[in-house]
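Residues or ranges marked as transmembrane segment by TrEMBL: A:6-27, A:34-67, A:79-98, A:105-122, A:152-169, A:203-228, A:240-265, A:272-291. If you look up TrEMBL, you'll see A:309-331 marked as region 'Disordered'.
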Amino acid sequence: MSTRSVIVFLLVVALLAAAPFVVYPVFLMKALLFALFASAFNLLLGYVGLLSFGHAAFFGFAAYVSAHVVKVWEWGPEGGIVAGTAVAAALGLVFGWLAIRRQGIYFAMVTLALAQMVYFVSLQASFTHGEDGIQAVPRRPLFGIVDISDNLSLYFFVAVVAVAGMLLVRRAIHSPFGEVLRAIRENEQRARSLGFRVDRYKLLAFVLSAALAGVAGSTKILVFQLASLSDVEWMMSGEVVLMALIGGMGTVWGPALGAVVIVAMQNYLAQFGAMVTILQGIIFVAVVLLFRRGIVGEALAFWEKRRKAGAADDTASATLPERQGKAAPGE
Amino acid sequence: MAEVAIRTENLSVSFAGFRAVDGVDLSVEAGTIHALIGPNGAGKTTCFNLITKFIRPSSGRIWLGEQDITALEPDAVARLGMVRSFQISAVFPGLSVLENVRVALQPTLGVTFQFWRSNRILRRLDDQAMALLDRVGMAAVAGERAADLSYGRKRVLEIATTLALDPSVLLLDEPMAGMGAEDVAMVANLIREVGRNRTILMVEHNLSVVADLSDRITVLQRGQILAEGSYAEVSSDRRVIEAYMGEEVTDA
């Protein structure tokens with residue numbers, strides 16, 4: 001098992017290394033960062049069963065913070081990412097602390113309401129420059145020495161950040177902490193009766209998810225050299241839900257793949273204008289009605305069915321089926 | 001005077017004006033098996049939920065040993081060593097049988113918040129979990145998904161999971177409900193065995209089991225204590241017989 005995942009990992013690395021020579025690097029960077037954003041979001045939706053409808057706040061506000069400290073305070077890109085992530089984590093702590101007292105639709109509504117407040121702040125605060133956003137954010141050298149001003153070198157930095165972030169999500173899912181989260185999702189009352197402080201586990205998951213969404217948002221401003229309202233809007237919160245659902249929530253790599261699909265659609269179908277939104281809507285409805293497990297989820301289910309039908313070697317239990325979907329984040 | 005494990009004083013709760021539990025003064029002696037019986041709707045499960053803090057009492061106080069637990073949360077009560085089971089079997093359905101027990105053991109490693117670490121470290125608990133499963137005769141199905149178990153087996157798994165915490169006080173809410181005769185005998189033996197060095201408070205409808213296992217019985221009716229004593233005392237009490245008249249009494 002271990003050697004195979006190493007091979008898969010090396011393949012993905014090779015693919016990611018070769019990709020910018022074939023595909024436009026800016027598109028790849030966007031896809032990778034949204035893949036990280038969707039994976040972070042899915043940690044909450046797929047593994048705790050909490051539907052946040054306010055994740056744009058972490059993504060978008062981290063972008064503002066990162067852009068501000070890089071442009072105005074003249075910090076390096078790494079400083080921008082750290083600052084953006086820290087603020088996103090702090091926001092996550094506040095959001096989470098307030099929202100996890102409620103369940104289901106009420107949880108979603110609390111997160112949405114709080115995210116709208118962050119949107120309002122982003123619109124009104126002077127440092128965000130309202131409708132203009134923070135423009136022309138410089139690409140300073142990484143750690144003061146590594147030049148990332150051209151798209152290709154920036155790409156490699158972004159790829160490392162995004163992949164590291166996604167691996168952290170994956171690790172969290174397969175950690176002792178992730179095991180407790182699973183138990184909580186399966187039967188919260190029982191988890192409480194066994195002595196687990198359920199709210200604290202949920203809160204940590206929320207903060208982790210928010211922080212990693214912040215990593216994605218604060219790295220994004222290096223790519224586009226811009227922090228704008230569109231990243232902090234409620235539509236962005238909806239888009240990340242869509243990404244997770246299309247790819248397959250509750251699978252490790254599904255949301256990343258879903259993100260790539262959505263970003264690719266927006267990119268390559270941009271010429272059709274409003275059609276993109278309509279197409280997204282149709283795909284969303286189709287996924288919810290027909291492929292509820294999402295792309296990776298359906299693929300895993302299909303593979304699992306074939307495996308069961310195919311052979312009698314039932315020795316390996318189905319505890320880690322997610323590993324199979326590992327080829328997601330490259331395209 | 002013998003040591004008291006659980007004590008309630010004037011414990012009451014009302015739902016929309018209906019007093020489900022009404023001034024219950026319960027005292028469970030440490031190291032005994034104490035049964036809570038009564039007709040349907042007598043407030044047995046509500047009593048359980050109050051004692052384990054899943055419901056807040058309208059009035060009254062609750063002590064676990066010397067400690068006043070009236071204001072605590074359910075998970076805090078569990079960490080103090082009083083662990084409950086549920087009337088409707090409470091397992092983690094998507095987890096394997098082994099994982100069900102292992103997750104309850106996990107706090108002993110002190111890694112439950114470590115999200116950066118591989119869950120491989122949990123394999124250290126496998127032996128301990130297997131030993132617990134072996135004790136309840138479920139070692140052979142350790143790899144199966146809990147959801148695929150029969151109802152009776154789920155209840156047994158629940159008890160094994162509860163035992164993983166090595167609680168000093170065990171609250172079992174109808175442990176035999178929905179079980180086949182074979183499982184009933186097995187679980188009865190298990191309860192007797194684990195009750196040797198623990199306090200057990202259980203709600204149970206199966207009166208032969210209650211007669212067989214309990215040191216002391218409290219009969220509830222309409223949220224109040226109707227009678228208390230040994231099985232012989234309680235079963236000959238005229239008020240108890242009256243309360244049960246017309247009630248369906250499960251006997252096997």
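Here the Cβ of each residue, glycine as well, is placed from N, Cα and C on the backbone.
Bear in mind that TrEMBL entries carry predicted annotations, made automatically and left uncurated.
With a cut-off of 8 Å on Cβ pairs spaced 6 or more residues apart, the transmembrane segment (A:34-67) and the transmembrane segment (A:272-291) reach fewer than 3 such pairs and are scored as not touching.
By number of Cβ pairs under 8 Å, the transmembrane segment (A:203-228) is matched best by A:79-98 from the list A:6-27, A:79-98, A:152-169, A:272-291. Of the Cβ pairs linking the transmembrane segment (A:6-27) with the transmembrane segment (A:152-169) and spaced 6 or more residues apart, 3 or more are under 8 Å, so the two regions touch.
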